[in-house]
Amino acid sequence: MTTRTDRRRDTQNRSVPPTATMSRATVPAATTIRRFDAVRTGSQFAVLGVWLALAVLYAVLVPKTFLTAGTFQTIFGSQQALVFLTASLLCTIIVGEFVDMSVAYNFGFAAVLVAVLNVDLHWPVLLAALAAVVVATAVGAVNGWLVVRLGVNTIVVTLGMGTFLLGLGLWVTNLTPVSGLPAGFANIALMTIAGLPVGFWEGLVLMLGFAYVMWFTPLGRNMRFVGASREVSRLAGIRVNRLRFGSFMSAGLIAGIGGVISAAATGGFDATVSQSYLLPIFAATFLGTAILEPGRFNPLGTLLAVYFLATGILGLQLLGAAGWVSNVFYGGVLVVAVTISTILHRRVS
């Protein structure tokens with residue numbers, strides 16, 4: 001039996017439209033989404049803002065030396081080695097092979113090999129360059145076979161391979177730098193286009209092509225899936241091991257090409273120089289996760305990070321900082337970049 005109180009409650013409930021309750025519930029959700037979008041957009045471009053602020057600061061402090069065409073050419077025209085090395089590292093790190101410690105040494109050995117084959121053994125320079133790239137690619141294949149097929153730890157394999165290549169490079173050069181590559185060979189690295197050496201444009205094309213693969217092709221999507229979860233990717237029909245093995249080979253190929261271009265730019269190479277690239281490539285690669293695609297390793301973010309670091313180092317040197325400042329800067333940036341990468345990855349997840 002319906003009482004007067006029940007009828008009053010029914011009347012009150014009918015007087016409040018359902019949409020009113022729904023709208024009140026959706027307001028906090030919409031606000032949260034807008035706030036998340038704002039935070040994400042800010043994260044995408046925060047490092048670029050810091051880069052701009054850094055450039056303005058240097059322009060104010062040392063205008064006569066920083067605001068010159070020479071400074072611009074130094075920042076953008078001398079980083080092709082780092083661009084190729086970070087691209088090589090990205091090949092494996094995107095598919096979840098966290099640290100390939102051999103890329104810098106593979107790069108250095110390719111540079112040494114082309115110089116030794118041409119200068120000491122008198123091979124035609126193009127044949128020597130091709131041989132160096134093939135050897136570097138083979139090194140990547142060996143890394144992939146050991147890690148993917150045999151299941152050996154990535155860090156152990158690549159650190160051991162890197163040390164092996166360093167020792168091999170010192171042996172074939174008799175512990176001395178090798179120089180004397182043909183002057184014409186330098187054109188593949190130093191020929192000027194629009195005021196910048198062709199090495200800059202080669203690195204730009206490499207990273208743009210890499211970004212296209214990651215954004216617009218099934219291969220790029222599969223690389224992301226494998227890096228996120230191998231088991232889920234395998235259940236989805238992705239050939240996980242083939243993709244991982246191919247990533248190691250691609251890393252070797254890119255490192256080899258970069259090494260040949262670097263040797264062409266300098267006319268030779270010193271095997272010990274490859275060690276100095278390790279800290280910068282990791283700093284740039286991790287800093288790249290805070291640019292354009294927060295929380296993700298991405299080619300264009302990494303490319304911008306390379307030039308951000310170059311600007312920071314050059315500005316400090318123009319201010320009169322000592323030689324050790326590059327180690328302090330790269331080390332500090334690496335710690336900050338890894339921290340930012342971890343936080344952003346958690347947000348994305």
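Glycine too: its Cβ is placed from the backbone N, Cα and C atoms.
Any TrEMBL annotation is an automated prediction that lacks curation.
These features come from TrEMBL:
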type	residues	note
REGION	1-21	region 'Disordered'
COMPBIAS	1-12	compositional bias 'Basic and acidic residues'
TRANSMEM	45-63	transmembrane segment
TRANSMEM	75-96	transmembrane segment
TRANSMEM	103-119	transmembrane segment
TRANSMEM	125-148	transmembrane segment
TRANSMEM	155-173	transmembrane segment
TRANSMEM	185-215	transmembrane segment
TRANSMEM	248-269	transmembrane segment
TRANSMEM	275-292	transmembrane segment
TRANSMEM	304-322	transmembrane segment
TRANSMEM	328-345	transmembrane segment
Discussion item. Should anything in the same chain at least six residues away from the transmembrane segment (328-345) have a Cβ under 8 Å from its Cβ atoms, list it; otherwise answer none.
Written reply: 43, 279-280, 282-283, 286-287, 289-290, 294-296, 305, 309, 312-313, 316
Worksheet item: the transmembrane segment (304-322) vs the transmembrane segment (125-148): three or more C-beta pairs under 8 Å (separation of 6 or more)?
Response: no
Item to complete: Counting only CB pairs under 8 A, let me know which of 45-63, 103-119, 155-173 has the most with the transmembrane segment (248-269).
Response: 103-119
Worksheet entry | Residues from the same chain, set at least six apart from the ends of the transmembrane segment (45-63), whose C-beta lies under 8 A from its own | 287, 290-291, 304-305, 307-308, 311-312, 315, 318-319
Worksheet item: Do we see three or more Cβ pairs under 8 Å linking the transmembrane segment (75-96) and the transmembrane segment (185-215), pairs being at least 6 apart in sequence?
Response: yes
